[in-house]
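Asks: Okay, these came from TrEMBL:
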TRANSMEM  26-50  transmembrane segment
TRANSMEM  70-86  transmembrane segment
TRANSMEM  136-154  transmembrane segment
TRANSMEM  166-187  transmembrane segment
TRANSMEM  199-220  transmembrane segment
TRANSMEM  241-264  transmembrane segment
TRANSMEM  276-294  transmembrane segment
TRANSMEM  306-324  transmembrane segment
TRANSMEM  330-348  transmembrane segment
Amino acid sequence: SQYSAVDTNPLSVYIMQPIWNKIVKIVPLWIAPNLLTFSGFVMILVNYFLISFYDWDYTASGTSSGLVPTWVWLFSAFTTLCAYALDSIDGKHARRTQSSTPLGELFDHGLDSWATSIFVLSFFSVCSRDNGTTGVSVYTMYIYLSIVLCNFMCSHWEKYNTGVLFLPWGYDISQVVLIGAYLLTGAVGVEVWQKPFLFGYYITDALVILLIGFSLLLSFPQTLYNIHRAHLKKTLKNDSLYEGLLPLVSPLLLFILLTVWVVLSPGNILAKQPRLFLWMVGVAFSNVICKVIVCQMSGTQPELFHWFLFPLALVVYAAISGLLGWTEEAVLTVFTALVTAAHVHYGVCVGRQLSEHLNIYIFSLKKRVQE
């Protein structure tokens, strides 16, 4: 299927795109577009692990100001900017080198589906978790992450049904806000997040309100409108309502299971291990959404229940029924490691299969030699 995307965001169209068009001309023509995509993702990961090292439990910013060195925040701004740039020019570079392939599209969106949660999890270190006076509660973090992932899912569900990816406005805005937040923290220190800045509201409150407003008033209605318009024009990919809603079943069940664990955990797992739990949420979501992206690209139907829901349901049941007892944290750790390994394995396998099928290398523009 031919890749088609529509971007109507004024920030993107008038400011960012002209910048990317200039930057992409610097990239040597022998560099594979997937290498750009992957480099950006690696930078996001490195940054995330660096922040995790200084602030494992999201309390560093709230306890004392010097716990995370200034250079870490500046490095965060730098890596976020680089990743944003690389993610924005990889497609342009693919067209320049005439190497646009379904593999590149899947690679880009697949890594984006994972990067989305990592961006959010890195940002939580800036505002820190609730310490009684300032900060955000771990439950707010969970809801915030869920909304961001839901937005991502909606745009791909929409593409599954309409064949067109309407790029969400939130993406460019969130990247610019993130870079700004890191620079502000680096320049002024974490104290800026702990003082009310307007009418007794904190900056974090404003950002949470913005995000929820954006999702409920812009993104979601826009998705429904685009699908409705395709329905009227008779350009919908799926005839039945069942087929159209099918990709939403697994993500919704995933969200329900995770929420049940968060709310009913006897050991209050989210408060004890917010970083582990939220990372697991992001990886699980990414795997579920990658399946939807593959189905949407290949014109196949996603299965009703993603395989992942079965082990998760078992773990959640064992946790909330008290079966796990004091081992709940240990089980979460093992489960998170397995989920991450399974996701990486899945990515490698799909990448390999596609590169063989299309007779191309993932990270090189050289053609494979036919055996």
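Including glycine, each Cβ sits where the backbone N, Cα and C put it.
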Asks: May I ask you to check whether the transmembrane segment (306-324) and the transmembrane segment (241-264) make contact, with contact taken as at least three Cβ pairs under 8 Å and only pairs 6 or more apart in sequence counted?
Replies: yes
Asks: Other than its close neighbours in sequence, what residues sit by the transmembrane segment (26-50), given a CB gap under 8 Å and a spacing of at least six beyond its ends?
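Replies: Residues packing against the transmembrane segment (26-50) from afar: 72, 75-76, 79-80, 82-87, 89-91, 93-94, 96-97, 99-100, 103-104, 107-108, 111, 114-115, 118-119, 121-122, 361-365.
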Asks: Mind checking which residues reach the transmembrane segment (276-294)? Cβ under 8 Å, same chain, six or more beyond either end.
Replies: 106, 109-110, 113-114, 116-118, 120-121, 124, 141-142, 145-146, 149, 152-153, 156-157, 160, 247, 250-251, 254, 258, 262, 269-270, 300, 302-303, 306, 308, 312, 332-333, 335-336, 339-340, 342-343, 346-347, 350
Asks: Count, for each of 70-86, 199-220, 241-264, the Cβ pairs lying under 8 Å from the transmembrane segment (136-154), and report the range with the highest count.
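Replies: Ranked by Cβ pairs under 8 Å, first place goes to 199-220.
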Asks: Determine which residues of the chain contact the transmembrane segment (241-264) at the Cβ level, with the cut-off under 8 Å and only residues 6 or more beyond its ends counted.
Replies: 139, 142, 146, 150, 153, 156-157, 160-161, 227, 270, 277, 281, 284-285, 288-289, 291-292, 295-296, 301-306, 308-309, 312-313, 315-316, 319-320
